[in-house]
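J.: Just passing along the structure, written as structure tokens.
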Amino acid sequence: MRIALIAFCFGVWLLQQQAALPSARWLWVLPLLSAVLLLPTFAHTFFKAVRRLGIALLCAALGFAWAAWLADLRLADRLPDHWQGVEINVIGVVSDLPQTNARGERFLLDVEQVITPNAPSLKRIQLTRYWPRKGDRIPTVRAGERWQFTVRLKRPYGTHNPHGFDLEAWMLERNIAASGTVRDNPQPQRIDGRAATPGAWIAATRAAIRERIVFTLGDAPYAGVIAALVIGDQRSIPHDQWRSFTRTGVNHLLSISGLHVTMIAALAGWGVAFGWRRWPRAAERMPARQAGILAAVLAACAYAVLAGFQVPAQRTLFMLGVLALAFWGRREPRPFSALVWALFAVLLIDPWAVLSAGFWLSFGAMAVILWVTFGRVAIPDKLRGWVTVQAAVTLALAPALLLLFQQVSIVSPLANAVAIPVVSWLVTPLALLGVVVPSLWHVAAWIMDWLGQGLVWTSTLSWAVAARPAPDGLATVLAVVGTVWLLLPRGFPLRVLGGVLWLPLVFPPQAHVA
């Protein structure tokens, strides 16, 4: 089953590498042809190996076709060329946290109604609204509100720079059909009554929490980090702080990571199970173990949704769901199978996730942790085991980081050894409890300020980051294979040869300019 799921995911990835979508007429021919060719292999056990290969090919074809079909549907919701720059009157709901600066605000609008005759009906657009040069500032939009705007739109465009930010892919992944500006004439109008959809309610809740954080902490240096940990609003973190987090390799902690979701689930599950055992009437209806499992999954769902349901949260939530089913049925949990099922679920819902760096880093880090811990003899020294895992993750993700960002943090194992327990077991719980007791946000911000000073000092070290030109694909693949070889269990012969496969990445050929 795991091979079939991985094959499906490979098919999804393969579609995203194509320059153009395949013809819809032939889209499902490949899966049907694979199924027809697979049927004869069930007639005899001699074809067992061929049958497995055929099933893998069939699943890959299904993944390719599934991703192509969804892409065709999404690309159909695009602004026609002749409507670019034309004023269109729309009514919609603000579906995300607005981003405000000195010049204006930017937000997503889920379009409910297009008033302009014959204008295209788009599902989601990104709008920028500039403040007037004279007079008082106009009322700002808030998440969950319904507004009527006159907008001028354009199709998604981006620069085609190798290893640069791909704006078109980013907008496609987020289902943004067009971007544009809000016109001042006629004036935008807020329509009474919030949208009753679950998405609008979640967006409004996140906005209300962000406003409470800003009101409580004011100009505190790390107020943006608190907002990022509670509601996943990473845009509130200043650029200089992000730079120090990136250079020290702890930036994954200052967003909603799988570690945070797991921690919240574990605390909720333990707390409910603890209380359930002391409530005889409840324990008679449902065992405390199952009550704790149910509470853990519900807490993880609530936190993931509150944080915007980003890829790391999705991966952890689906893994927890698979493991919860195993524990519920009193079966032995299989972490690798849970990871594969989570990978399948993420790409089934969002095939464009493979276009984001966070997808590869999130699943890659989890795979490395399972690879170096699951099924091996436990290291008696807890500190040594912790350092081993951190070093393995740093080593394994280095090829991907060099390919994606052209740099890797050398101080990451040391910085994470301090930052992970501080952020995960102190800052994050206090930040979440601050939703109920806002004064706790001051304590969380104070701890984060103390930690941040150390991270800033560490990031200024001249050797904190190793920068290299973006490696080619072959060097990256060889380094990944070498990493797997190096991380094999102790006693495996010739593990040192894994380091040899790193040489093309560490010492790339020098390009000569004629």
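Glycine residues also receive a Cβ, built from the backbone N, Cα and C atoms like all the rest.
Where the annotation comes from TrEMBL, it is an automatic prediction and has not been curated.
On a predicted model such as this, the values are computed, not experimentally measured, just so you know.
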J.: With TrEMBL as the source, which of 417-436, 437-456 is set down as transmembrane segment?
T.: 417-436
J.: What is the pLDDT of the domain 'DUF4131' (22-185) when averaged and given as a whole number?
T.: 83
J.: Are the transmembrane segment (253-276) and the transmembrane segment (288-306) near each other by the rule of at least 3 C-beta pairs under 8 angstroms (pairs 6 or more apart)?
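T.: As far as Cβ distances go (cut-off 8 Å, pairs 6 or more apart), the transmembrane segment (288-306) and the transmembrane segment (253-276) touch.
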J.: Which residues of the chain, 6 or more past the ends of the transmembrane segment (417-436), have a CB below 8 A from one of its CBs?
T.: 209, 212-213, 216, 225-226, 229-230, 248, 250, 253-254, 259-260, 263-264, 267, 303, 386-387, 390, 443-444, 447-448, 451, 454-455
